[in-house]
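Below is one structure, written out as structure tokens; the observations come after it.
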Amino acid sequence: MEATSGNDEISGELTSVAHAVSLPAESYGNDPDIEMAWAMRAMQHAEVYYKLISSVDPQFLKLTKVDDQIYSEFREDFKKLRIDVLDPEELKSEGAKEKWRPFCLKFDGIVEDFNYGTLLRLNCSQGYTEENTIFAPRIQFFAIEIARNREGYNKAVYTSVQDKEEEKGANSGGDEGANSGGEEEKGANREGEKEKINKGGEKEKDAYKEINKSGEIAM
């Protein structure tokens, strides 16, 4: 009973996200199972991507085999498009759609599932919240996120996460210094800190494993 309740809660959250980003009804034919499948895949993609840019300096990321082509074509067609904080009208208005359509079609057959529904952040310094997320074709996501990575905008996420990790480490070090017990106790504390560091490293490795394991779906 409890497991069913938990699954229902997750399903409700995913359905809310699908509605929040205004997924067109014709995309899933009013079939709740198809809607749920889309929401789950889109959320998985978003979670893995955000973990990726939080763990690795985004400047060095490669999202597809044709990143250079995507970025070159994108900046040729959208030279002045502001990408740190997106204006939804630059993506969703009728005029914008007319401009985006030929760009997207260039990658039909080049990027797998190029027009598949994906979640895109409006403000690149923030996460995937309901207010900060819109629905976009996959190639549009790649174009904007590759540009954000290469032009340094996504580094705000990476830097924020790394600063928090360093702050945690500094606080742990302070606690150890404040403990002025015997040498044996100090040694025990040092071992404890090493264990924390090792666990932190394992956690980072686990993150990479998850990213790699999910990479085929997410990227």
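Cβ atoms here come from the backbone N, Cα and C positions, even for glycine.
Feature annotations, courtesy of TrEMBL:
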- 171-180: compositional bias 'Gly residues' (COMPBIAS)
- 183-213: compositional bias 'Basic and acidic residues' (COMPBIAS)
- 34-158: domain 'Polysaccharide biosynthesis' (DOMAIN)
- 161-219: region 'Disordered' (REGION)
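Counting residue by residue with DSSP, the domain 'Polysaccharide biosynthesis' (34-158) contains 69 helix, 12 strand, 44 coil.
Across the domain 'Polysaccharide biosynthesis' (34-158), the model assigns an average pLDDT of 93.
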